[in-house]
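Chemist: Per TrEMBL, the features are:
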- Ser218: active site, charge relay system (ACT_SITE)
- Asp344: active site, charge relay system (ACT_SITE)
- His373: active site, charge relay system (ACT_SITE)
- 138-379: domain 'AB hydrolase-1' (DOMAIN)
- 23-47: transmembrane segment (TRANSMEM)
Amino acid sequence: ACAMDWQVLTRELSLYLESQVRVGLFGSGVGLSLVLGFGVAYACYYLSSIAKKPQLVASNDRFCRFLEEYCPVVTETYYPTIWCWEGRVQTLLRPFITSRPQVQYRNELIKTADGGQISLDWFDNSDSLYYPDASTRPTVLLLPGLTGTSKESYILHMIHQSETLGYRCVVFNNRGIAGEDLLTPRTYCAANTEDLEAVIHHVHSLHPTAPFMAAGVSMGGMLLLNYLGKTGRDTPLMAAAIFSAGWNVFESVESLEKPLNWLLFNYYLTTCLQSSISRHRQMLEKLFDMDLVMKARTVREFDKQFTSVMFGYRTIDDYYEDASPCRKLKSVGIPVLCLNSVDDVFSPGHAIPVETAKQNANVALVLTSCGGHIGFLEGIWPRKCTYMDRVFKQFVQAMFEHGNKIFSM
């Protein structure tokens, strides 16, 4: 629906403008001519500089051929929404524009080794026509972003896409985020993979014969990459999809601390982090000066006073170094597809580890010129499916149904 050539786009734009603008504007046809001229010029600029094919980075020719055949969306031109293609705008608008599919969850609380608990939200897809046998129904583990839960619109869309394919989904909500109580003074971070390991082991133990994948968004993608870099091939996951991950945390926080980005994103995200822990203040006050934590005005200040201390890092730089997935990408041992936009202020294009990715045959990067952070809006009125959603759907289907062909192509 998005793939329209120059002639179609300019013709439709001209017809629309002719129907909206009176020829007598300013007393003559000059106004209409100016508007049409601007519209054509904008269309030319959009098609020449904005709408582009993504850059596919992969050292493994077989992986590339596999993606071209079974996940063709990564080789097609991405047409961002013509009136909001800029990265910051896409990032800000997606939560408000995109629809929120209805999903009925089944909640499960699992215990952790340290006495804590993790909330999992299951979409069992019991009515699956393609996989009626629950024991072999493919399972997708979904990891939301920094303060996200199973209620995020991008998670709901992933589940909707999985439902149409007959798959089961389970959402990993980080500790204390989804309404459950903290039983210990510990939350979560991008570097510590213990909770994720426990969840993966738990899900796999429930459905040991079911094909099993994971998809992580933003910090969820960072956590998933750090887990994969730690475990290599020793994981029950057959593949993973990563969306808008922050590859280098130092570069991410530096970008977010630029004046405009601080105003639009950093301060708000910091208040979200503070809000997520304020409900657990009585538990956390056992270990932290919560008054000092609540005074943070940037993500870096919050991490310095809270996150890095909680997980025992000597300095915040030690934490940021350990949390950066770019340092562990070489060790990933299963097929991983990573989608980023180079105009993402949360993960600047210059910090994406292109050269490192070329050194691992299991890794493929898909880099779009526009899309922002978890944006990837497309279409004139992007209420439903985004480019990110289409990449997710095609990749998980490709891996579940044709994954064995990667090594034979």
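Cβ coordinates come from backbone N, Cα and C, glycine included.
As the structure is a computational prediction, the values presented were derived from the model and not from experiment.
Can you tell me where each of these features sits in the structure?
Modeler: Around the Cβ of Ser218 (active site, charge relay system), the number of neighbouring Cβ atoms within 10 Å comes to 26.
Of all Cβ atoms in the protein chains displayed, 29 besides its own lie within 10 Å of the Cβ of Asp344 (active site, charge relay system).
Of all Cβ atoms in the shown protein chains, 25 besides its own fall within 10 Å of the Cβ of His373 (active site, charge relay system).
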Chemist: In angstrom units, rounded to an integer, how far apart are the Cα atoms of His373 (active site, charge relay system) and Asp344 (active site, charge relay system)?
Modeler: 5
Chemist: In whole Å, how far is Ser218 (active site, charge relay system) from Asp344 (active site, charge relay system) when you measure between their Cα atoms?
Modeler: 11
Chemist: Mean pLDDT, the domain 'AB hydrolase-1' (138-379)?
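Modeler: That region's mean pLDDT is 97.
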